[in-house]
Amino acid sequence: MLHNQARPCTTPNGTTRNPMESEITPAAPRPRGRPARPEHEANDAALAAATWLLLNEGYAATTMEAVARRAGLAKKTLYRFAANREDLVALVVRSWTDGFRPALSADAQSASEVAPALAEILRVIAARVLSAEAVGMFRLLTTDFPAKPELLEVYQRNGIERGRGMLVDWLRRQCGKGLLRAEQPEVVCDLLLSMVIAEPLRQMALGLTPPVPEWDPGPRIDDAVRLLAGHSCRMEPADR
């Protein structure tokens, strides 16, 4: 009995191919380890994990290993963003003040725009530093724990001092354009932040006032700007 045998066929380029040979391309080997994440997503995940650990487990538990595990990142990926725990906490706090930049980069174009622009800047600042996370960080710093001096220095340098410096620079620019008159922009900045941020933060830390956005800082900000502009209080005899 004769059996049919497959005959080799000629391909267009002149080579021969056995039709019995498999034409299936072997699958590429699967990469090992976690799949790569976009840089900004990995950074956001690291900051969110560090913030959660700080506020829920404490500073001692906020190790690089714990942050990487909670964020779902390889440790070598986390070390691309921060060399140690102190650097990571600094990034968390700086991420809050980074949010001030868009509002503080825009100057007023006329004297009439200074007050509305300043009020908007203060609203942006309040939304960040009076949030539940920022209030939680402030509460943490009022407790005693072994590394408090180090964490307090990181918080002061990357949060309070950095934000204050950014607002002082904005006030100076408006003075330089002739739109605002302030003999000491640093003092004006400190008084504004005391009225708009410091007292509400104290009340929130004590649990007397809920954080933003549940509490609306707008009316207090408007009152502070009106006071600065001399609209709500003047040193002159009242009309009788």
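Glycine is treated like the rest: Cβ placed from N, Cα and C.
For the DNA-binding region (63-82), the predicted model reports an average pLDDT of 97. Taken from TrEMBL, the feature DNA-binding region applies to 63-82.
If you look up TrEMBL, you'll see 7-19 marked as compositional bias 'Polar residues'.
When DSSP labels each residue, the domain 'HTH tetR-type' (40-100) comes out as 46 helix, 0 strand, 15 coil, counted as helix, strand and coil in that order. The annotation domain 'HTH tetR-type' is assigned in TrEMBL to 40-100.
Residues annotated as region 'Disordered' in TrEMBL: 1-42.
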